[in-house]
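Visitor: Quick paste of what Swiss-Prot says about this protein:
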BINDING   S13, K186, T187, K188, P189, T190, Q191, K222  UTP binding site
BINDING   D71, E139  Mg(2+) binding site
BINDING   G353, Y381, G382, M383, Q384, E404, R471  L-glutamine binding site
ACT_SITE  C380  active site, nucleophile
ACT_SITE  H518  active site
ACT_SITE  E520  active site
Amino acid sequence: MTPLIFVTGGVVSSLGKGIAAASLASILEARGLKVTMMKLDPYINVDPGTMSPFQHGEVYVTDDGAETDLDLGHYERYVRTRLSRKNSVTTGRIYENVIRKERRGDYLGATVQVIPHITDEIRRCIDEATAGFDVALIEIGGTVGDIESLPFLEAIRQVRTERGAEKAMFMHLTLVPYIAAAGELKTKPTQHSVKELRSIGIQPDVLLCRSEQAVPDSERRKIALFTNVSERAVISCPDIDVLYGMPLELLRQGLDELVIVQFKLRDKVAAADLSEWAAVVDAVKHPLDEVTIAVVGKYVDHQDAYKSVAEALRHGGLRQRTKVNLKWLEAQDLERSDMAALQDIDGILVPGGFGDRGFEGKVQTSKFAREHKVPYFGICYGMQAAVVDYARHVADLDAANSTENDRQSPHPVIGLITEWRTATGEVEKRDEKSDLGGTMRLGLQEQRLKPGTLARELYGKDVVAERHRHRYEFNNRYRTQLEDAGLVISGKSMDDTLVEVVELPRDTHPWFLACQAHPEFLSTPRDGHPLFIGFVRAAREKKAGGKLLKEARA
């Protein structure tokens, strides 16, 4: 039976439960434990796949094609375990499962209720996702006191009652606000948050106190007294300059030891080696170079919509001790501009998106980068924009477009994928009338790279696998025509049916590459991703006015 750490949040949302949980997980992993993580989200959507990026932020995709909460991106950036559909569960999915069972007659005519049927299904999902691991951390979305979270809190209360403290731990993240006028940290919100938890039968074992500054020992003692939590289990989580330094901070305060002692794991663990995280923090704090990258997107007012892209760019810089400054530009604004915003930029990245709003701005951005020899990296919709640009302005295919935006285009160089093969070898089909949810080409897919190309050089191997999330694809009818016009197709699906990567010859452009997949989902601060590392290096070379003499390594 896997020991479980349940992480809840109080007072306000967005305190950083995911980062705190992932940081603890990284320490436990460094001590030799096999760790997994899970997110329980209280919203009624089955998954976030059809939710607006402005409301929910990024949709993070796992190897098996699950469309999940962006917190799973945090988890995978901090731990080595690759997550799956099992690790992201919503209220909508729980109810969908229960209703399906009721329709099948699995409940034998019983009245289906929140307790026990909904809570039992939550517990079943927890058991399924965490089996076979030494420790599992489970984040409960939302804030204690929200009506939506109650079934999840009841379910984890039942787990603790049945398994005991040696197999289930409650960790509560709460706000300790600093009142500048009084010059004091206030503990009352934390006391009330714990009181709310205790009213539903949950007594926290550990408190993580988020604040602008370190919580002094006197306040920690006060919090411990009023919340019935051991003083050594009241952990200070102040604001820090580098989020990737959180594992080092939590290790310093001994949070991992609390887990080891409560779960009696002493015989399984070694000393924690966080040298990789120390190197990451050092590279962030002491860069040797600096570049500015323009990110031309549709949802730039809500930058969480591109969370993994932003992090992957920074990871690419970390690997060469380079600070990456991001300049966020709204694609729609560029449609009516002279592209002055792209002057003095070291590199341009156009990320994914859906719909026609801002697409012409992305096409014009590709054209600008191509003509002005600015390093260009297109991802998903950014690749499609690059293909449309090349078709219109180089291959002379007037009015070329994607059928997503213009179904009457005389040259639909980007079209709907009607059939493709999944990672398991099964054939999936869809058409214009298919549901939006869960009908895309999703998950990890292999592709073969063309020898002698930039993509092949960056990856360093012939076959690679990347995660996908898209409905539209390069139209194969235009392959020959665009290749004859000079476009290089450097990556294709293993069955040669889908174009995965396009680029420009290096004798015509220093660095112009676009891919249909989402490589940002496989980038981590400790390893980076070859495409992002190569892109940042190209930006450095543009800034330096030529080839770099030597590589700086983190």
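Here the Cβ of each residue, glycine as well, is placed from N, Cα and C on the backbone.
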Visitor: Among the recorded positions C380, M383, whose Cβ has the fewest other Cβ atoms within 10 Å?
Guide: C380
Visitor: Taking only the residues the record lists as binding L-glutamine, namely G353, Y381, G382, M383, Q384, E404, R471, what is the largest Cα to Cα distance between any two of them, in Å to the nearest whole number?
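Guide: Farthest-apart Cα atoms in G353, Y381, G382, M383, Q384, E404, R471 are separated by 14 Å.
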Visitor: What are the non-local neighbours of K222 (UTP binding site), defined as same-chain residues 6+ apart in sequence with CB under 8 A from its CB?
Guide: T187
Visitor: Select the most exposed residue of D71, E139, E404, E520, where exposure means the fewest other Cβ atoms within 10 Å, treating these as the recorded positions.
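Guide: Each of the recorded positions D71, E139, E404, E520 was scored by Cβ atoms within 10 Å; lowest is E404.
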Visitor: Just checking a number: largest C-alpha distance across S13, K186, T187, K188, P189, T190, Q191, K222 for the UTP site, rounded to a whole Å.
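Guide: Per the listed residues, the maximum Cα distance equals 24 Å.
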Visitor: Return one of helix, strand or coil for E139 (Mg(2+) binding site), based on DSSP.
Guide: strand
Visitor: On a C-alpha basis, identify the one among S13, K188, P189, T190 that is nearest to G382 (L-glutamine binding site); the candidates are the binding-site residues.
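Guide: Nearest in space to G382 (L-glutamine binding site), counting only the binding-site residues, is S13.
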Visitor: Just give me the nearest neighbour of G353 (L-glutamine binding site) among the recorded positions D71, K186, T190, H518, E520, Cα to Cα.
Guide: H518
Visitor: Going by DSSP, is T190 (UTP binding site) sitting in a helix, a strand, or coil?
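Guide: DSSP assigns T190 (UTP binding site) to helix.
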Visitor: Would you find the one among the binding-site residues P189, G353, G382 whose Cβ has the most company, meaning other Cβ atoms within 10 Å?
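Guide: Neighbour-count leader: G382.
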